[in-house]
Each structure stands twice: as structure tokens, then as C-alpha cells.
Amino acid sequence: MRLPRASSPCGLAWGPLLLGLSGLLVASQPQLVPPYRIENQTCWDQDKEYYEPMHDVCCSRCPPGEFVFAVCSRSQDTVCKTCPHNSYNEHWNHLSTCQLCRPCDIVLGFEEVAPCTSDRKAECRCQPGMSCVYLDNECVHCEEERLVLCQPGTEAEVTDEIMDTDVNCVPCKPGHFQNTSSPRARCQPHTRCEIQGLVEAAPGTSYSDTICKNPPEPGAMLLLAILLSLVLFLLFTTVLACAWMRHPSLCRKLGTLLKRHPEGEESPPCPAPRADPHFPDLAEPLLPMSGDLSPSPAGPPTAPSLEEVVLQQQSPLVQARELEAEPGEHGQVAHGANGIHVTGGSVTVTGNIYIYNGPVLGGTRGPGDPPAPPEPPYPTPEEGAPGPSELSTPYQEDGKAWHLAETETLGCQDL
């Protein structure tokens, strides 16, 4: 719905004028002054007025420090008067008398803090060493405090809302401390060093506060590190000196072990092992140690002598000893002389020689093998036949073939 007159400039000008006239009309109405009649028995100001049922009017209350001297009527309001000495009224009232001031009773354990006036009663408190006993949130009398001393690290806890003298000591909460012995001791929070721009020197406990100190300067920390390094070096040097004085041989052995094989260098070659005295060398040089060998005559090789046969039978043992020798031993060969050289447990052959391996029963010859030598001109003794310990020239018996015993051949292989 449109209001052309209200939206027009003339309507906007009339608005403030109408509001001012309404305020004047309200102010011009007569204000209700007690005593005044009212229909619902409810006065306008409940704190400072009261309803008088005898006259069916609302009357004024007396202010603090006064009492009702004359009751109101339909034509007259309440008449108030100041309370006499040693009496008081603390609130707005319609009482006909004032309350009597009550002094602080020493017998009950009280002492006076502020005297009684017409608008306030005397203010009392318990004497030192005593505490209040409350009843309906009012201290009725005082009693001596119980001698319950809370030790450091604990605090007093009120367990009874009526009697605050019933205390119990409980441990302080984490982050709090208490360092006195008192029945009213309370735990306090630990000091926070970082808030004060300090560093913590010692942490707080339940019975002590946190200890703070100024932050150390960088120069002091550097000096401390240098001194600590020097102390450790001197301590290490002292320990080494004591160990050298008490155990010099052990220290020398340790130094020898450290210097024997430096890192990155090869260990020196080990000396050649000595020949075992219990197993003497069985190989003897077959050719002279010096001088060149004379060229062998052309033609088939001659029959091996008895020493050559014995040497060939002993060759497996010599070969086994050569396998056990160190690699360095094989390199120790005398150069510039032809022949067979024996060094330790090794046999070195220089020059052209023929080796007779002896007859092998049932064996086959290869294409590169030398021609078979003729059979020896002497027979081999029969198996089990007794003979002298020294070598002698055997004789062939009639009707027997030239051969070597099979057991002798197998015996050489077993060696």
C-alpha cells in the first residue's frame, strides 16, 4: 500500500514534529505519587513501594537507616524516621522498628573490623588462630584452627562446606609446588623461565620452584668446548703413558703389529720352508751340477740302470712333495747349468733327458711316447722270497719269463 503523503517531502518534515508532540503529551500526564490506588495490588516500584491492604493504596518504603514512624493512609504517605543509636536497618523497608546492633562477641571468637551504624551492622571476623563455622552461609562462631600442617609438596583441601577447619593435605598437581609447612598452604605454579627471557637451570619439583638463569654467551660455550677437548686429550695421553710404563712389551708388540703391514703395501714373501728332518729328500741329482751335458749318442736309449729304476719308483713321492711346496719355491732355480737341481723339496731339470717310467702291465703306449726299452738283463725276485737288504745282481731261473712282479708296480702307485 502506498503512502504518497508520507513519502513526499512534506510528509518527511511532519514526522519529527509528531514525535515531539507525543513526548509532550506523555510528560504532561500526572505521575503517580504515593499513596495511590491500584487495581491489581501491584505497585509500580516494588523495591521502594509496598501495597497497604488496609487502605488499598501503594505507599512508600523507608530508606536504609530509617524506620516507619507513621503508617500511610489514603491521603498521607509513609512517615519515616532515622534509627536510634545502636540500631540499624540495612535495606529499604516498612518496618516499625530498627534492628539492634550486635557487637562482635569475643567469647564466640570474633573481633570487630567496622562499628555498627544506622544503615549497617557491625562487621566482625574471627580472631587470629581461629576459623568460622558457617550455618546457612553465615559465620555463627569461631573455633580454633586444627593444627594440621601440610608438609612441602602438599596443599590443604577443604572437605566440608560448613566447617572449613576440616582440612586434608593432598599432593600438588603437576607443574605446581609448595615449599612451606602450613595448615593453609596452597600449591603455586612453577615459574616459566622462557617467559622471562631466561633458561632453565634446574627443573621444578613438587616442593621447589624452577631455577632460572641467564642464557650463556657464545664465547663461554666455545671456551667450555676447548677446555673439555684439552681435558680429554690429557686424559688419553695419561692413560697411554701409564700403559707404556706398566706393560712396555705389550706396547712394543702393538706398535710392531701396526707397522708390519701398512695399508696399501704387500706383505714380504715368506721364507722357504725347511725340509722336514723326519722325511729327507729321496731324490738325488742324476746329472752333474756344473758343466754342460755331453750330447747323447744317436740311437735308441740304453737300458736304465738300477739307480734309475729306483729313482723312477720314488718319483710319485717327489711329485707329491712338489705340489705341497709354496709357489715361491718353484722359482728358485739355478740358471746357466744343465742337469737336475734339488732345492728344498723341488727337483728342477735343465737340459734334454729321457725318463724311463718302467713297465706297466696291461698299459698302452701313446703315439708320442719314446720306444720301449729292452727288458732288464736280470730277473725280479719272486713275491715273498727272502733276500738281502742290499741290492745285488739277480739271476734268471730256468723256464721263467722276464717280468716285474705286479705287486711291485701297484706298490709304486700306492706310494
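Numbers here mean position along the shown chain, with the first residue as 1.
Every residue, even glycine, has its Cβ placed from backbone N, Cα and C.
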In Swiss-Prot's disulfide listing, CYS83 is paired with one of CYS72, CYS80, CYS98. Which one? CYS98
Mind checking which of CYS62, CYS72 has the disulfide with CYS59 in Swiss-Prot? CYS72
If you consult Swiss-Prot, the disulfide counterpart of CYS132 among CYS124, CYS126 turns out to be CYS126
If you have Swiss-Prot open, could you say which of CYS80, CYS116, CYS124 makes the disulfide with CYS104? CYS124
Can you tell which of CYS43, CYS62 Swiss-Prot lists as bonded to CYS58 through a disulfide? CYS43
So for CYS150 (disulfide bond), how many other CB atoms are inside 10 Å of its CB? 23
What is the separation, in Å, between the Cα atoms of CYS187 (disulfide bond) and CYS139 (disulfide bond)? 27
The repeat 'TNFR-Cys 4' (171-213) [mean pLDDT, rounded to integer]: 89
Around the C-beta of CYS101 (disulfide bond), how many further C-beta atoms are within 10 angstroms, looking at every protein chain? 17
For the repeat 'TNFR-Cys 4' (171-213), jot down how many residues DSSP puts in helix, in strand and in coil. 4 helix, 13 strand, 26 coil
